[in-house]
């Protein structure tokens, strides 16, 4: 007779999100942790400590908080009465001798001391640190929503857990030598644990694919270059309307070996400027391994040297409007160079150590990793390729192309001075580039540097999209001159200044706070602490909307397009694209911050409900 076998899965004791006490592997110490997930196959709980460390623990290594609280209540209810009674009756006796009639056995004394030491250890774990997400939400206490930098300094001075443990343990002399030995072992274990650095997470396979996954990234690899070429062809048309599709040029007219040589010369000239031993060297944010890379901050000096080189060329009658005449060929050459660079980056990333791979570009799918970037910080010696391309060749090249458009306008239209529209476009965008290079250190805290790998997306964006799409307004004005009055120019200038002020002040607040949250100058800023040690600002611009720098960026983008008039939508492509880009980037930011900061991010979103625009969710 067949017998039915019913397998019963082990019941799960702790639920996701539950706050429990987890034992640190290899020690007897329990710390407050939060359950994040459960593996039904291995029967292991994934828990997150308050410093952000995530470990997999067995059920036997996890205990409920109530068991610890019960022990504390017993110890506190018995010990004080004994101590107070003993002290009140034994003032004339030796300090190490208990009162008559109340002498405890050695075993009772040892039990009492071991409970007391465990209570002290467990209590010390609940002490808040300035870098923890100690909102008291985990243990049901009233929430403390905000802190400021000054309070962090006070906490750092007051919280000395090791000294407090030592002071309490040395307060009592009722112990044998055997007890002393046990106490020293436990205390030395506490000190050893304190010296152990948190185990950092090594990047794992990317599970959540962005940009439409493999199909989306493949389409973007084709669509992005096609968009650049289409926009440049449209600007050359007399009627650059959307319905007037430009004729395709002959393929042989798109390539010029001399132009490609100029692109290579430009790239390596900027590389030489980057390697010059001028400017300060700073450390970036910690990587997943805990290591901090060093970066030389000399982008502004590179800009000055480039300006001097351009000035020398103009002095010797070099025709800079050559860029205008061959702009399409320059774009094709830059695209070819960025593609070759992307192939090199992916090939070298296959030999990169696991901890050096990008968290968002390690999916195992060739097309996706090729597009998003497989390696986080590819370097040749001390030469950081991603950091170099982020601000140097493309951003400075944008200014050079704008200048070439200004000179071309004067030559083609026989002008002694540039038009007011061209002056505004050049001035606004020059201010933006100079600001980025002057505050070059701020780029080290952006998503491009800290999260995204260096692949086709950033290589093409930095070397092709930025210089040839961002200069679209100046290119448009050469073939479609627009006259504006001085009052209109003044109004556009005010609008740009407002956008720039929001953009710069918001970024400065964020970058200064990330670099040194304990700076006395930032004592007025309130923030929500997180488990990663960082804080989420809830005052200043970051308490107004979640991404005030994006708001300033969009206002400036509108100011750059307004000098081109309203005859065609082409000059406003930058504004439309930029809004779409920042909305998508904001969604990526929201997703990453929710994963990284957890409950603290939810509280921040409740505190600051508006994302980019005020009163718009």
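Glycine is no exception: its Cβ is also placed from the backbone N, Cα and C atoms.
Remember, TrEMBL labels are computer predictions, not curated facts.
Look at TrEMBL and you will find 12-70 tagged as domain 'Tudor'. Broken down by DSSP into helix, strand and coil, the domain 'Tudor' (12-70) contains 9 helix, 27 strand, 23 coil.
Residues or ranges marked as region 'Disordered' by TrEMBL: 61-149.
Summarising the annotation, TrEMBL assigns compositional bias 'Low complexity' to 74-83.
Annotation source TrEMBL lists compositional bias 'Basic residues' at 84-105.
What TrEMBL records for 109-120 (among others) is compositional bias 'Basic and acidic residues'.
Taken from TrEMBL, the feature compositional bias 'Basic and acidic residues' covers 134-149 (among others).
Residues or ranges marked as transmembrane segment in TrEMBL: 215-233 (among others).
Residues or ranges marked as transmembrane segment in TrEMBL: 253-276 (among others).
Among the features that TrEMBL reports, transmembrane segment is placed at 297-316 (among others). Within the same chain, residues 269-270, 273-274, 276, 278-282, 391-392, 396, 399-400, 403, 433-434, 436-438, 440-441 sit at least 6 positions outside the transmembrane segment (297-316) and bring their C-beta atoms closer than 8 Å to a C-beta of that stretch.
TrEMBL lists 328-347 (among others) with the feature transmembrane segment.
Taken from TrEMBL, the feature transmembrane segment covers 458-478 (among others).
Residues annotated as transmembrane segment in TrEMBL: 484-503 (among others).
If you look up TrEMBL, you'll see 524-545 (among others) marked as transmembrane segment.
Packing against the transmembrane segment (565-584) from elsewhere in the chain are residues 231, 234-235, 240-242, 421, 469-470, 472-473, 476, 480, 482, 484, 547, 550, 553-554, 557-558, 612: each is 6 or more residues past its ends and has a CB under 8 Å from a CB in it. Residues or ranges marked as transmembrane segment in TrEMBL: 565-584 (among others).
By number of Cβ pairs under 8 Å, the transmembrane segment (253-276) is matched best by 328-347 from the list 215-233, 328-347, 484-503.
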